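Student: According to TrEMBL, the record shows the following:
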type	residues	note
DOMAIN	241-424	domain 'Major facilitator superfamily (MFS) profile'
TRANSMEM	12-29	transmembrane segment
TRANSMEM	41-64	transmembrane segment
TRANSMEM	76-96	transmembrane segment
TRANSMEM	103-122	transmembrane segment
TRANSMEM	128-152	transmembrane segment
TRANSMEM	194-213	transmembrane segment
TRANSMEM	242-260	transmembrane segment
TRANSMEM	280-299	transmembrane segment
TRANSMEM	306-325	transmembrane segment
TRANSMEM	331-355	transmembrane segment
TRANSMEM	367-387	transmembrane segment
TRANSMEM	393-413	transmembrane segment
Amino acid sequence: MPLALFVENYSHIFLLFLLSYMLSVYVVTKRNLELNRNVWLLSLCQALLMTGNILLISVIALIGKTLAPSSSFITLPVALQFLGLMAATIPASLIMGKLGRRLGFSLGNVIGILGASLATYALSQQNFYLFCMSTFLLGVGIGFGTLYRFAAIEVCEESARHRAISISMAGGVLAAILGPNLAVYSQQWSDDGLYISAFAVLVVLYITALVVLQTIRFPPAHTQALHAKADKLRLIIRRPNFMLAVIAAMVAYAVMNILMTATPLAMIGCGFDFDKAAGVIEWHVLGMFAPAFVTGRLIERFGAKNMILAGGLLFVACIGINIHGVSIWHFSLALILLGIGWNFMFIAATGLFSQSYEAKNRSKAQAFNEFFVFSCVTITALLSGWLESTVGWQNLNLYVLPFVLLVIAMFALKTNKKPESQTA
């Protein structure tokens, strides 16, 4: 496509991205002066990553349906993407522990560029299995990017820890707007019906993030933490709040992912069209990330454990609404509450987790956390459709309720005990 035509027709997308981001930075910085430019640059990297993720999710299943040799292979590209993400979590944490954040994130973006480039070639050749290989590489690149929120903690003052995590996740607001629109426009950029242009956009997003990363000032590793021998894993996981935070993050992502993924299927089964289902998901994604601009402040005021409890109660409300009815208002309100509940529980759990290990154990602890959290994401993504069609929408909600109640019970028992550890 000629550059002039591209600029004429689609430059407003990138202008919207920049203006929206600059506005959000201005508004929130007024109340978060302690957060330095590095946190905001990491937030931009997170926004680019999430935009690419949503773009990828929007088209990958459609491509599988077109290229797969049989119906049983349609979801293979999706499965391999999630498996790549899960497989990358441990190596990504350990690599960054050895080489530093900049090199680690740069490697992840290079892998993403390779994956998107391979996808572009595979689609031009209509090679399904080569496309599957590319989605695995893209999943690996995403796996490296999941650590942006931990890097945000390391580039800010200790007192701004929770706000740094929160703001680093706020890039999802921009992603929720840009991702679906890029998917729609990319279909118009080429007439092959295979969304080749979508993966060309992915290449641009990864290259942009790679450039931004080079401008971030990551703190040098402390000599003691760099050379000290890490504790054994069994000792790390016994530290106060460690497993509590990991379990909360696992449940937050698992419950959110399984209900989010199953909702469009349930809505279509209830007679709603795809556009209404897509609209509900858009509101849900905004619910996931829009509160991030204030979640950090709320955690500082009320405490991480209380915010995890609040997230759990919002999950319960979501499940109750889903069980109560299947109107468009039921689906919409439930998914908004699900998104806000995830935001509260996951960000608070991340902050609590970051205070539960010593600096020398950072890489090993984060590898443990990321592997289990995103293993849950992978499993729930692969099982949600089957469970919804097998046990039904209302029963699916009832099945996830005990996990939410478990987290609520665990943290309700802990809130009246000794204060949270400040070790990091």
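In case you wondered, yes, glycine gets a Cβ from its N, Cα and C as well.
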Student: Between the stretches 128-152, 280-299, 306-325, 331-355, 367-387, which wins on the count of C-beta pairs under 8 angstroms to the transmembrane segment (242-260)?
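Tutor: Per the Cβ count, the answer is 331-355.
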Student: Three or more CB pairs closer than 8 Å, sequence separation of 6 or more: does that hold for the transmembrane segment (331-355) against the transmembrane segment (280-299)?
Tutor: yes
Student: Going along the chain, which residues at least six beyond the ends of the transmembrane segment (194-213) come within the CB cut-off of under 8 Å?
Tutor: 1, 41, 44-45, 48-49, 51-52, 55-56, 58-59, 62-63, 66-67, 102, 105-106, 109-110, 112-113, 116-117, 119-120, 123-124, 126, 134, 138, 141, 182-183, 186-187
